[in-house]
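Scroll down for the structure; my scribbles are underneath it.
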Amino acid sequence: MAVMLPEGEDLNEWVAVNTVDFFNQINMLYGTITDFCTEESCPVIYEYHWADGTNIKKPIKCSAPKYIDYLMTWVQDQLDDETLFPSKIGVPFPKNFMSVAKTILKRLFRVYAHIYHQHFDPVIQLQEEAHLNTSFKHFIFFVQEFNLIDRRELAPLQELIEKLTSKDR
């Protein structure tokens, strides 16, 4: 399976590389439907409230596009932080790396959930369904392989997850 840790590979490095890849994929996928995701069409994003612990300490209720903008900006800031995601060979990952990666992946899942729940018709119109499903399936296999997202967090798409993964297990 393409998500398994390659022999001799460092787990943190493997999670980091895949986290960056998933961020880029979901950023691209969401970017194709931003015209459909507006303050008017998506006034809230489920029960999620945004807080990054730095700029916004107390969780705030916001529209889906605002939440996703906060989320993607926050993730990009984490990925650009050399102390969290070192790009130089031999520089160790911080002790809290796995915790940060889990938070990033949990939040990226919420973007997939929003696209599937609110914008699947435009995805079909744009003929992106196969790409979205393939990206999400890879994401789910990866987070399940390394237990990176709590099962309760996956509940909004549990039926789809079971459908996409049942024939491959």
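Cβ atoms here come from the backbone N, Cα and C positions, even for glycine.
A TrEMBL annotation is a machine prediction, not a hand-curated record.
Straight from TrEMBL, the features:
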- Cys37, Cys42, His114, His119: Zn(2+) binding site (BINDING)
Which same-chain residues, if any, lie at least 6 apart from Cys42 (Zn(2+) binding site) yet have Cβ under 8 Å of it: Ser63, Ala64, Pro65, His114, Gln118
Nonlocal residues around Cys37 (Zn(2+) binding site), in sequence order (Cβ under 8 Å, 6 or more apart): Tyr30, Ala64, Pro65, Ile68, His114, Gln118, His119
Other CB atoms within 10 A, centred on His114 (Zn(2+) binding site): 23
Neighbouring C-beta atoms (10 Å sphere around the C-beta of His119 (Zn(2+) binding site)): 23
